[in-house]
Amino acid sequence: MNKKYIAILSEAKNKVLAESKVLILLYLYLFLFPLGQLLRIPPQSTQLSLVHFYLTDVIVGLVGVMWVMRRIREKRGVSTSLTKPILIFFGLGLFSLLVNYSSLTTKQFGISFLYLFRWIVYAGLYFVVRDIGKVSGKIRVISGLIAAGVVCGILGLVQYIFLPDTRFLAQFGWDPHYYRLIGTFLDPGFLGIILVLTLILLTEKIWQDKKKILIIVWIITYVALALTYSRASYLGFLGGLGMLGLIKKKPRFIFKIVGLLFITLLILPRPGGEGVRLERDSTIRYRIINWEHALTISRDHLLLGVGFNSYRYAQGKYGFIEERISEDSAHSAAGVDSSLLFVLATTGVLGLLGYLGILRVAWREGDIIIRSSLIALLIHSCFTNTLFYPWIMGWWWILLGINEKSRGAKLDHL
């Protein structure tokens with residue numbers, strides 16, 4: 001009897017230790033999250049020059065490995081509402097690459113597969129967070145997300161004040177920006193949607209715990225969002241916060257949000273440069289052409305696409321970009337300025353249906369935060385490949401993991 005009791009205690013202790021290690025790595029991920037592009041790992045060979053991986057990717061991978069080892073050790077399976085949709089989309093993504101193997105070089109196939117592998121690794125965060133036993137652990141993870149998002153905004157404000165002219169980054173393959181808040185992500189659009197997701201969490205927290213400091217933090221984060229001059233992020237803000245007010249049945253809140261953004265657009269400084277002109281149409285014309293290219297490629301590869309993340313190579317073959325650019329370019333040739341069009345072009349109708357299956361389950365079983373965040377992401381992803389941006393994937397899968405475990409149990413004191 002004593003031996004059995006000791007064995008049970010030992011097993012429980014090992015389980016707690018394993019979960020603690022996973023939580024430590026998760027907190028490390030959230031701590032490093034605001035450093036953005038500064039965490040890029042230089043390619044170790046010219047063959048991998050187009051593969052952009054980050055220190056945060058490595059940490060997420062370690063978290064996944066530890067979780068898998070723990071599951072194997074405990075001889076436990078995985079059965080969740082999203083398990084099947086995730087595996088179906090991953091399988092379709094892999095199948096699309098295999099079907100198109102003959103039209104890709106070994107290097108191209110390898111690079112495309114690595115990005116598919118990264119997607120499934122980040123999806124693993126959903127399972128990891130879902131397995132966190134204590135509600136207090138999940139609350140700390142949400143607080144970590146909020147802190148990470150706020151720090152992103154603060155770092156962006158520091159950049160805007162001390163380094164407003166970032167046009168020199170064009171020589172490194174980035175878009176030239178002048179008096180726009182780009183922060184450590186070097187992109188106002190992606191930083192903007194991170195700030196929108198942060199504001200959604202902050203708003204819900206303020207409704208639960210009306211502390212003045214939270215309102216101040218909300219204002220700082222909003223100012224950072226405003227200075228991105230990202231129209232896609234503004235629309236995501238309206239959609240996400242609007243959905244929050246709609247679900248909470250707060251029509252006055254919705255009117256306040258619309259009014260706040262309207263006033264913001266009127267008083268935003270216009271120091272000069274194309275980027276701060278909200279009426280600019282050059283990017284609109286570019287995106288329309290970008291979407292047309294994606295639809296052309298999709299029409300010719302309707303069932304399974306050109307292979308997951310092989311879009312840059314297809315563009316080269318169609319003459320939409322130079323072959324040299326498809327092999328050497330870093331930031332613009334790989335994707336479509338629409339996440340769902342990206343999925344359609346690279347994995348076909350089957351892949352798109354598979355991915356929509358993930359979003360359908362997320363919406364059906366999601367709480368107010370999930371649904372509001374999903375609306376913001378879908379709106380933003382109409383104008384850039386938001387849903388496959390590493391930091392957005394990390395944020396989204398963590399939220400889904402928290403929601404899955406916490407359904408029916410209110411997370412007070414977020």
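Placement of Cβ uses the backbone N, Cα and C atoms for every residue, glycine included.
Automatic prediction, not curation, is the source of TrEMBL annotations.
Record features, source TrEMBL:
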- 21-39: transmembrane segment (TRANSMEM)
- 51-69: transmembrane segment (TRANSMEM)
- 81-103: transmembrane segment (TRANSMEM)
- 109-129: transmembrane segment (TRANSMEM)
- 141-162: transmembrane segment (TRANSMEM)
- 182-201: transmembrane segment (TRANSMEM)
- 213-232: transmembrane segment (TRANSMEM)
- 219-356: domain 'O-antigen ligase-related' (DOMAIN)
- 340-363: transmembrane segment (TRANSMEM)
- 375-400: transmembrane segment (TRANSMEM)
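Proximity of distant same-chain residues to the transmembrane segment (340-363), defined by a Cβ-Cβ separation under 8 Å and at least 6 residues beyond the stretch ends, is recorded for 81-82, 85-86, 88-89, 92-93, 96, 291, 294-295, 297-298, 301-311, 314, 370-371, 374, 378, 381-382, 385, 387-388, 400. If you take every residue in the domain 'O-antigen ligase-related' (219-356) and average the pLDDT, you get 89. Of the recorded ranges 141-162, 182-201, 213-232, the transmembrane segment (21-39) has the largest number of C-beta contacts under 8 angstroms with 141-162.
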